[in-house]
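Annotated features, as they stand in TrEMBL:
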ACT_SITE  Lys280  active site
ACT_SITE  Arg354  active site
BINDING   Lys268, Asp273, Asp291, Glu352  Mn(2+) 2 binding site
BINDING   Asp273, Asp350, Glu352  Mn(2+) 1 binding site
DOMAIN    348-355  domain 'Cytosol aminopeptidase'
Amino acid sequence: MKFTLKVAKPHKLAVDSLNLFLFEEDLAKSFSDFPPQIIVQIKEALNKENFKGATSDQLVISGSLDEAAFYKMSVSGLGKKAEFDLAALYESVGRSIRLSQGTKAVKIAFDLPLFWLDKFGPEKTVEAVVIAAMLSSYKFLKYKSQVEINKIRPIEEIIMVIPAQKLAQAEGGIRGGILIAGATLYARDLVNEPAQITTPPFLAEEAVKIAKNSKGAVTVKIWEEDEIKKNKMEAFLGVSRGSHQPPRFIVMRYKPARSRKKIALLGKGITFDTGGLSLKGSEHMETMKLDMAGAAAVLGVFSVIGEIKPPIEVVGLIAACENMPGGRALKPGDILKAANGKTIEVLNTDAEGRLTLADSLSFAVKSEKPDEMIDLATLTGACVVALGENIAGLFGNDVKLLAALEKASNSSGDRVWQLPLEKSYAELIKSQIADIKNTQTGKYGGAITAALFLNEFTADVPWAHLDIAGPAFAEKVTPLTAVGGTGFGVRLLLNYLKSV
Ligand code: BES
Ligand code: MN
Ligand code: ZN
């Protein structure tokens, strides 16, 4: 997909679709740079279709308006100006792309509303349009045969119409948007790739490739089983034991010449979660290739970090393994000692993510001594019950870090909502015979008790936990996602790293 900025009269562009956006407040005014007779014709169509500018309002005006060079016009409502933020911009561009896809448009022009350019600035606006266009038109086609692929007509070019005096400021937005969206789509690809391919060694190889392509900005270290053993990561190894796939511990590092602080990013990397001996029902297992979405987000960030160049050291940690019910698998009642010395009674082998993260967090604290740690994990179904499919649960022990992540989330499109790290519930994960147990007493508040479990391994280092079980994987098509991996977390983390 090619992006270009153009100073032009929008109706003079010979495109398949000219995409227009209208706020409710602006319906009565003259839109953009169109000649009066075209405006009359557009207004006629809007009236006929009862278009009021609500975000759900869309219509296609086809063909021959006076003096128009475009083939069709796709109009999308933007709602009210007061309620419009960057997240709304992403969504509206996504909806507009979907509308044009319905008209089989290959070459599209967006008439960028002045309100966007003024409110967000030309660079941010263009960056957001590029990101939304790329995310919206993503499809995972690797396993479709050519006959099927030939039926699809992908969008080839997107022209953004912009006033001359804003052009220079806008140009950086294209490159920035392509980087951020590219990293997000890479994370999607990793999640969508079946677990027969994305094994722990495969994820490790991806990390190695990222380092190789980074022109020296990223270094990587891969531990195989004996080194994991030497480092006493018994909780991680316990989960891996029921599988024929060997585990890998992945350490990625980005270290600029001068760094203001050091942040550890930890991704849950269960390449497939059967539940182990506490086996999942087949319905719940169907999508469990998604259980490395946290790891995919971390890999996504590292795939572009050398180009984005944040002024901080970033360490990426992934304990990658499968959760399988093989002959050597963990048994309910088994007790494991995590790398920080705490003992864990494993009562449910399906609560495996917290076991692997326990050792990743312990390692980060002891060997990396970061200023901050952020983990991303498809950790609990309970979090999906609490917040639904579109919003990640945010937990942590540091008010400042949590506020900064909320802020980074707001402008990224990746939505989070803070849930409490309620200390009085820690009672519920005390074990009779070990230090803690991996499931709770009772059945309520499962996302919180999982976060409290992780907290046992943070040693009070500022830490935030994102439970992304809901938003990591889309069960249906939305303006910005296809069914499958969403790349959730990549945009949020990149935004955060840029803001530090
Ligand atoms: N990977 C799952 C969580 C999950 C569920 C992710 C749905 C995405 C969608 C996790 O390992 C798990 O199985 N969690 C259990 C924990 C329980 C056994 C304490 C759960 O949420 O049911
Ligand atoms: Mn599980
Ligand atoms: Zn899991």
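Positions of Cβ are set from backbone N, Cα and C atoms, glycine also.
Taking the features listed in TrEMBL, we show where each one sits on the structure.
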{"residue": "Lys268", "record": "Mn(2+) 2 binding site", "Cβ contacts under 8 Å, 6 or more apart": "Asp291, Met292, Ala293, Gly294, Ala295, Gly353, Thr356, Leu357, Asp375, Leu376, Ala377, Thr378, Leu379"}
{"residue": "Asp273", "record": "Mn(2+) 2 binding site", "Cβ contacts under 8 Å, 6 or more apart": "Lys280, Met285, Met288, Asp291, Glu322, Asn323, Asp350, Glu352, Gly353"}
{"residue": "Arg354", "record": "active site", "Cβ contacts under 8 Å, 6 or more apart": "Leu379, Asn438, Ala450, Phe453, Leu454"}
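When other Cβ atoms within 10 Å of the Cβ of Asp291 (Mn(2+) 2 binding site) are tallied across all protein chains shown, the result is 27. The sparsest Cβ neighbourhood within 10 Å, among the listed binding-site residues (Asp350, Glu352), is found at Asp350. Among the recorded positions Lys268, Asp273, Lys280, Asp291, Asp350, Arg354, residues whose Cβ is positioned under 6 Å from ligand 3 are identified as Asp273, Asp291. Taking a Cβ distance under 6 Å to any atom of ligand 1 as the criterion, the recorded positions Lys268, Asp273, Lys280, Arg354 reduce to Asp273.
Listed in sequence order, the recorded positions among Lys268, Asp273, Lys280 whose CB lies under 6 angstroms from an atom of ligand 2 come out as Asp273. When pLDDT values are averaged over the domain 'Cytosol aminopeptidase' (348-355), the model yields 98. Residue counts for the domain 'Cytosol aminopeptidase' (348-355) under DSSP, split into helix (H, G, I), strand (E, B) and coil, are 3 helix, 0 strand, 5 coil.
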